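Enquirer: Structure provided below as structure tokens; questions to follow.
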Amino acid sequence: VAAVATEEEAARQGCCWAELPPELLREVLARVEASEPRWPRRRDVVACAGVCRTWRGVVREIVRVPEVSGRLTFPISLKQPGPRDAPIKCFIRRHRATQTYFLYIGLTDALADTGKFLFAARKYHRPTCTEYLISLDKTDMSKGSQTCVGKLRSNFLRTKFTVYDAHPPHAGPVVSKRWPAGDYPVIQINYEVNVLGSRGPRRMNCIMESIPVSAIEQGGTAPTQTAFPFFNPKSSRMDSSITPLSSQVESKLVLKNKSPRWHEHLRCWCLNFHGRVTVASVKNFQLVASDESAPANEENDDTTLQFGKIGKDLFTLDYRYPVSAFQAFAICLSSFDTKLARE
């Protein structure tokens, strides 16, 4: 029986590109990475990482996290905090018949285009709650799928939601169960009872269980995942270079929706979405750090996440540091769930 060659040996035997001098290889890949600012051309960077182990290692060293680069490259980028300077602009398509939701990142500066697919979610009705399963695969959103990365679950009244990450958002505990465990609560979303019904704006707050308040202070950092466990079956522990979870001893970051202002001429509640929202809807919101979370206890006007309607089943979603695409998508999914206690 012939011995099976290792991945590296097979790559070197079958690919002459693996023999490039390290200095030349790094220069070539650095130029490719720098010349591809957005999808769909960004896929060339991913293709380079798939050539062999050597190329993959160099690409991983060159590609920086979204917080610094403002770019989404690999699937794990969707679990990492967004950029500090400017938001990543995405949009959600809703399919009412199948109760599915799809998150895309825009390929142009338009409100919506063909987009690059990021996440899919399906709504499930349970006897005592509503549940949304979030997947990396738009065709497989079943609970047992290896591509499911988390879920959103409501209480009976649909006024409180919990976002669960299928993987620990920090270095530390060993993953004792593979998906579908999903036992890591990362966000608590609370909607206050709306005494004005559908005539008044919603009031919500999000307790970021895995993000400490210090993350938004000068020099602060948010927990950053670096690998999906199921992409590395030989190891059941998250990468040791992940930022440790400090919120276990620190106060947790709290985000609240920015209060809209009543426009006397238009006779409606208004928020400035800077052209990113075009249709009035009770679902529209902007999240900012609460008074208690903001530095010096002053309300932070920098919008961390904004979500709004631009068509019958089309919504924009813009997020930035310290929220990730996964967290932003899950928070926005809670806005789709309507109940009399809130409206």
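Placement of Cβ uses the backbone N, Cα and C atoms for every residue, glycine included.
Quick paste of what TrEMBL says about this protein:
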type: DOMAIN; residues: 17-60; note: domain 'F-box'
type: DOMAIN; residues: 78-338; note: domain 'Tubby C-terminal'
Enquirer: Over the domain 'Tubby C-terminal' (78-338), what does the predicted model average in pLDDT?
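Expert: Residues in the domain 'Tubby C-terminal' (78-338) carry a mean pLDDT of 83 in this prediction.
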Enquirer: DSSP on the domain 'F-box' (17-60): how many residues come out helix, how many strand, how many coil?
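Expert: Helix (H, G, I), strand (E, B), coil: 31 helix, 0 strand, 13 coil.
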